Amino acid sequence: MLPKAYEPQEVEQKLADKWQKAKLFAAHVDPAKKPFVIVIPPPNITGALHMGHASTNTLQDVLIRAHRMFGENAYWVPGTDHGGIATQNVIEKKLAKEEHKSRHDLGREAFVQTVWDWYNECGNAIFNQFRKMGWSLDLSDIRFTMDEKRAKAVYECFRQWWDKKYIYRGKRLINWCVRCSTALSDIEVEHEQHAGKLWYLRYKGEDGSDGIVIATTRPETIYADAAIAVNPKDERYKNMVGKKVIIPLANRAIPIIADEAVELGFGTGALKITPAHDATDYEVGQRHNLPIMTVINDKGKMINCPEKYLGMDRELCRKETVKDLDAAGLLVKEEKYNNAVSTCYRCHSAIEPFMSEQWFVKMDKLAQPAIEAAESGALQFHPANWKNPFLNWLKNIQDWCISRQIWWGHRIPVWYCRHCSEKGLTFATDQQGREQLTKVSFEDGAQPIVSYEKPEKCPVCGGHDLVQDPDVLDTWFSSALWPISVFGWPEKTPEMDYFYPTSVMVTGYEILYLWVARMVMTGLDFTGKLPFKDVYLNGIVRDKHGQKMSKSKGNVIDPLDMTAKYGTDAVRFSLLMQAVPSKDIPYSEDSITGARNFCNKLYNASRFILMNMEGIQGPLAMPKEVTELADKWILDRFAHAIKTAREGIEKYNLALTANTLYHFLWGDFCDWYVELAKQRFQTQEKEKVMALCVNILYNTLKALHPLIPYITEEIASSLRPYVAAEGGEFLLQQAYPEFDPALCDKEAVRKMEIIQGVTREIRTIRAQFNVPPALKISAVLTAKDEADLAVVKEYEGYIKLMAKVQKLDIGVNLAKPKQTATAVFENIAIYVPLTGLIDFEKEKKRLEKDLAAAKANIASREARLAQENFIKHAPKEQIEKTKNELAAAKVALAQVTASLEDLA
Ligand SMILES: [Zn+2]
Ligand SMILES: [Zn+2]
């Protein structure tokens, strides 16, 4: 027997241990079975469980558990990500806080060792939190993006792409984070709206004329200007193109050029062109062969500028420059201006476009097969509306900057001979007094040797003095290889043969380009096969107002706090109920309370059934033949619930699965079937009714198990003696229920619809007139046609029981008694005589009060909506809210008016 109340903490601890001990989540190569494989989006090793993990991983867990129960060889491949910049930042902060040291105090080798030590101690801690969530990962089997096998895969990819000339070294304007002091790829840059300013500056003519006025958001970069550009169609400046103007404060002359890229309407129509510090200007510069001058260095300090500003921070220099321009009479005006500022996705500092030599991957050839796969439908998106953004991104793909100037990550597998590459290598002494290679320039003559390990000697001069490239690879480089590296690629392993391609990739849409697109490209390039045919992109968990959760906003919900408070199943189920395709999830504790109530309902209903099993000898088979309407009906509802639940899983619509099972269990089964069946518990039919109850309940538990594994397992273990369960000890080892068309019964459903419809109308009347719940009433059902009354006549017992009616008169054209509440369901008129049920005077007074309130509500809302000021200036939601309130008040008025008429 189940304990009186469900104690999630105890049950979860007990079952999580049992499952791991039974190796329930392990998967092995088994050619006799169809594999179903998901590789987990590897969490960062510094991570703590957040709502994003909770949502994505719960979806994956449901799919994995369900497909296991479908009889497939389901494998959820676990692993963690080394996390590049993110991890380096965390460990740097930790060092600063605990030891007041920077990474430079430790030096590169010791710092990297510190991160490794940290990883070995706590790098898999997050999996204990994952275990708590009931996620079916085999924790004896964890991979890491920087372990030896994954490192070999990274090297192999680099080597092959180098040989194919996809990987190259290039000098480009790249995104530079001054704070993290590293390059970033385009998609690691975020764009934030900042309230900034637009300054209008005068550049005087070289000939002493007034020259030209330009508008800029970055006056500190004027010292790097290479030209002023105007649109060739701009009449105002036609005569000035080709002339020269003087950069204010710098006294250097630059030409005025014409370029289509200049927007006619922006500012004054004239733009300063600063190729070294702006991506668009860089392109203009390339077209016009302009010199590239850098005035901000990699630390964000000023260089190559008038002496006064040398060494100044870029932001201070901006202020000083504006002040000096104003003093010189060259600042024409300044305006408030909202501009999009590029920021680092890890630290949110402003990105500095920066000229430097970096490693790149040429993407156009890699993108082509991925484009074809998406266009042909071989690669499917769920929801499908992600296909076009995916294609657009691939069709406009830029080369991928893969080098990062940080220490934690896969080191670039390239070496240089100090003798042969001398001119291209720059060394500096670190704080430990060791000489370190700090900069590599192919332009100046560095010669790369691609090798995983340090080559024995230089292939050119035979020298032994070889140094490795100082940069590490973008963390997404190893992530891109994840679906193949987890199975041991480039080795030909049985796992690779059997488990690859995987079945589906489940992840948040915010990393569609950063990650999903790149896995598709690498998978196709190295294996000729898509790494997965389905991409299931889930929505972001937001707060209930639709805001992103963030620590600074204070609206973060911690999933572990919630599981401690409400139980893991409630947290899982609340997320699943809202996992509607293409929608973000507005989430609050209210969502979890609803799910917790469902879990309690399930538990209490199961306890009730178990209590009534006393004296019955199991196992009971599902009855083959049923004659009672309620039995026929519940079997139909059960069959359809299973059908829809399975469809939801197959079509990646888990909200459909969750909601269907919720309504079936709570509504159809508990509220209707068990209530109707109770009266047969004391009859000869008891065994048959109990057989239906336990079997339907047990199969519903199986259907719910992938969603709420703990509570279903706990209840099922108590029910098992009474059902003929096949398979192992755990629900996961049993088969998911199948849709059985033989159980469908349209006629029974139609009859129950009428019974339920009439019952609901009577219940509504009871509520409207405040009839005490226990009080039995009388009612009259009448229609013009005898045929319309056939069902209610046959099943008047159901209606009496469910609507608490003592005396039910059913007949054609019966008269409406006095002081009677009325309702209609289809062709049936329903009369509930109120005499003796309620205190008429009191009820009239209440209704009159309600009537007055409804009228007042209508008047005030109408008045508000008539105000021009309100309609013009109030926020949209408030107007919408007022309109809804007006509509609701009108409905209330109609209802109260009708009730008052009934009392007359
Ligand atoms: Zn940064
Ligand atoms: Zn050499």
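From the backbone N, Cα and C atoms, a Cβ is placed for every residue, glycine too.
As written in TrEMBL, here are the features:
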BINDING   Lys551  ATP binding site
COILED    837-899  coiled coil
DOMAIN    15-585  domain 'Aminoacyl-tRNA synthetase class Ia'
DOMAIN    631-780  domain 'Methionyl/Valyl/Leucyl/Isoleucyl-tRNA synthetase anticodon-binding'
MOTIF     43-53  motif ''HIGH' region'
MOTIF     548-552  motif ''KMSKS' region'
Sort the residues of the motif ''KMSKS' region' (548-552) into helix, strand and coil with DSSP and give the three counts.
0 helix, 1 strand, 4 coil
Under the DSSP assignment, what numbers of helix, strand and coil residues are found in the motif ''HIGH' region' (43-53)?
3 helix, 1 strand, 7 coil
With DSSP helix as H/G/I and strand as E/B, how many residues of the domain 'Methionyl/Valyl/Leucyl/Isoleucyl-tRNA synthetase anticodon-binding' (631-780) fall in helix, strand and coil?
109 helix, 5 strand, 36 coil
Can you give me the average pLDDT across the coiled coil (837-899), rounded to a whole number?
87
